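Listed features, source Swiss-Prot:
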- 32-101: domain 'POTRA' (DOMAIN)
- 1-4: topological domain 'Cytoplasmic' (TOPO_DOM)
- 26-248: topological domain 'Periplasmic' (TOPO_DOM)
- 5-25: transmembrane segment (TRANSMEM)
Amino acid sequence: MGTRLRALLGVLILLVLGGAGWLFLRWEPTLLPIRLIQIEGEVHHHSSQQLQERLTERLHGGILTADLVDLKQTAEELPWVGQATLRRVWPDTLRVQVREYRPIARWSLDGLVTADGIVFRPQGGSIPSNLPLLEGDDKRAPEITARYQAWQAALERVGRGIQRLSVDPRGDWRLKLASGAELRLGTTMVEERLARYLASASQLEAAGRPLTVDLRYSNGFSVKWAPNTDTGVRAHPDRVAARAGNRR
């Protein structure tokens with residue numbers, strides 16, 4: 001067989017293979033379609049049907065040619081979906097493992113935040129009103145969330161709980177407890193100031209119903225009491241407790 005003939009046969013083989021490949025890609029969705037999208041994992045806020053519909057709209061190709069990277073991104077665009085893992089299951093199934101975000105608190109006006117400080121905003125979804133509220137810059141979410149969890153655990157040990165935790169752009173920290181009392185921690189030494197409150201929490205509650213506990217002093221705090229607090233226990237509605245030093 002001459003060199004020219006071998007070259008011609010090589011070209012013909014490449015054309016045949018190329019044509020076959022083109023035909024396969026063209027007809028593969030028909031010959032090997034994805035007939036079932038199987039959702040696994042805990043899907044509380046987006047039903048399996050809703051996620052299936054989103055993936056079906058985005059699906060192009062069959063079991064061999066479907067773009068799993070694109071489908072993964074589509075699944076993770078749903079606000080509650082933290083991570084999606086997709087794999088092909090022969091002959092006609094796409095299996096999707098879903099891990100949803102699990103919020104521990106509301107975040108500012110329209111968001112939720114996870115224990116890791118990941119902020120997400122369900123578009124058109126309901127925000128659970130029974131969760132505590134955290135407020136601050138999104139960039140500080142990991143720090144705020146970590147402090148919320150640590151402080152909540154410490155407060156629970158003295159029978160208290162956090163309803164709202166906020167930090168403003170100046171770094172001024174405030175806590176509102178489930179009892180209605182507000183703690184002013186200021187911008188510095190916030191851990192020490194909270195510890196000061198914890199050490200006196202029982203005595204404060206025994207003395208009356210504090211509305212505001214201002215801990216922004218170098219040594220001590222001031223208390224604003226509820227109007228109906230027993231006047232026999234205290235001398236003045238704005239009595240200062242263990243106050244010393246300048247407020248910061």
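Every residue gets a Cβ built from N, Cα and C, even glycine.
Computed from a predicted structure; not experimentally measured.
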Q.
For the topological domain 'Periplasmic' (26-248), what's the mean pLDDT in this predicted model?
A. 86
(Q) Going by DSSP assignments with H, G and I as helix and E and B as strand, what are the residue counts for the domain 'POTRA' (32-101)? (A) 20 helix, 22 strand, 28 coil
